[in-house]
């Protein structure tokens with residue numbers, strides 16, 4: 001294990017993976033704990049119950065309590081959205097337009113063809129998709145509003161054909177968020193934040209319509225509220241489990257340390273519980289990146305936040321690139337950046353990652369904003385079972401089958417035997433009666 005002497009907490013330590021025990025290796029890939037405390041769970045449960053029983057009155061009380069805002073009209077008017085659009089500069093509008101164009105292009109390409117096939121003569125099976133009727137989008141506010149998340153959620157919901165799209169964001173809602181909503185054709189915007197916004201969308205109030213599925217990131221209270229409503233019969237489905245943002249960078253000896261450092265810091269500045277990991281077979285590169293991180297930190301407006309994140313982050317020196325991939329697959333990062341000389345050749349070996357960025361010229365921020373891929377990604381190891389958000393998340397699949405008389409006659413013995421094996425007599429009879437009717441007609 002080698003040390004350097006800069007002051008970025010544990011990120012200043014270069015860890016030799018080969019010299020670590022299995023338990024030490026496991027600890028190195030452990031994420032910061034995010035389990036909701038009993039207090040958060042109880043507070044959120046009370047908020048959900050209160051909103052369910054008191055509706056808009058509870059929403060106004062919580063806005064005053066948590067957001068320090070007296071909200072009269074919960075819904076933002078068309079005039080307010082138009083005014084926000086007028087205040088916003090053309091430069092930002094043009095940037096959003098380009099981002100939307102690329103997001104549209106990528107998500108349009110995800111449309112599934114209808115599956116229509118005869119599995120055997122006279123037995124036709126189809127798979128068709130339908131949009132989820134009503135979806136709710138939660139967009140965080142505060143010191144760093146996220147209009148890009150509006151684009152990432154609003155664009156696929158529109159392409160999918162969702163009949164109703166509801167957006168909630170804490171008051172006062174930033175002009176950028178309101179304009180992004182307008183750009184995506186979202187007309188129902190509500191100035192609501194926190195667990196109360198999730199409750200309003202899950203259960204519905206006089207002002208806020210009940211939705212079928214809720215999308216979007218948030219703090220610990222929002223995350224816990226989404227978890228709770230997804231487990232209630234009268235609640236709503238959710239996009240995916242959420243955790244702090246994270247990135248893992250694999251760099252070889254030819255990588256540019258400043259580029260690698262900038263990508264690591266792009267995630268570290270998200271929040272103190274973010275985690276960033278550098279994997280490299282080159283100890284010289286590892287030290288150069290650690291030094292570049294320290295140098296760039298001094299230029300960041302959110303340097304204090306980034307430093308806190310770096311305290312639970314890692315610089316790991318592996319045996320070779322193959323081992324880097326093995327470690328990355330074990331960790332399953334939200335963002336995986338591969339800055340190697342033949343990055344594309346490694347893709348087939350990657351089994352778990354939310355979004356992958358190949359080469360020196362593919363910064364993680366490109367995917368965050370404008371390349372076209374979605375930036376709503378599984379975190380906290382959920383990449384082993386969850387996918388990046390896409391068009392399919394705003395849709396549902398249905399299957400259709402149609403049997404001709406001859407098709408049923410051919411398949412009937414198979415169905416009857418299996419139904420009998422499971423001792424489901426009515427299932428068997430549904431076939432036997434039809435077969436008898438067909439034989440009478442013959």
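Including glycine, each Cβ sits where the backbone N, Cα and C put it.
Source: prediction; values computed, not measured.
Annotated features, as they stand in Swiss-Prot:
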- 334: active site, proton acceptor (ACT_SITE)
- 335: active site, proton acceptor (ACT_SITE)
- 138, 196, 219: NAD(+) binding site (BINDING)
- 245, 267, 270, 335, 368, 422, 427: substrate binding site (BINDING)
- 267, 270, 368, 427: Zn(2+) binding site (BINDING)
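Projection of Swiss-Prot feature records onto the structure.
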residue : record                 : Cβ contacts under 8 Å, 6 or more apart
138     : NAD(+) binding site    : 167, 168, 169, 197, 198, 201, 214, 215, 216, 217, 218, 222
219     : NAD(+) binding site    : 140, 194
245     : substrate binding site : 267, 270, 271, 274, 334, 335, 379
368     : substrate binding site : 148, 266, 375
422     : substrate binding site : none
427     : substrate binding site : 415, 419
Neighbourhood of residue 196 (NAD(+) binding site) by C-beta distance under 8 A, where only residues 6 or more apart in the same chain count: 47, 51, 58, 59, 62, 63, 66
Near-site residues: NAD(+), ref 138, 196, 219, CB cutoff 8 A to centroid: 140, 168, 170, 192, 193, 194, 195, 197, 198, 218, 221, 222, 225
Residue 335 (active site, proton acceptor): secondary structure state under DSSP, collapsed to three categories: strand
Largest inter-residue Cα distance among 138, 196, 219 [record-listed NAD(+) binders, Å]: 12
Other C-beta atoms that fall within 10 angstroms of the C-beta of residue 335 (active site, proton acceptor): 24
Other CB atoms within 10 A, centred on residue 267 (substrate binding site): 28
Greatest inter-residue Cα distance in Å for the substrate-binding set 245, 267, 270, 335, 368, 422, 427: 55
For residue 334 (active site, proton acceptor), the number of other Cβ atoms found within 10 Å of its own Cβ: 27
Reduced DSSP assignment, residue 138 (NAD(+) binding site): strand
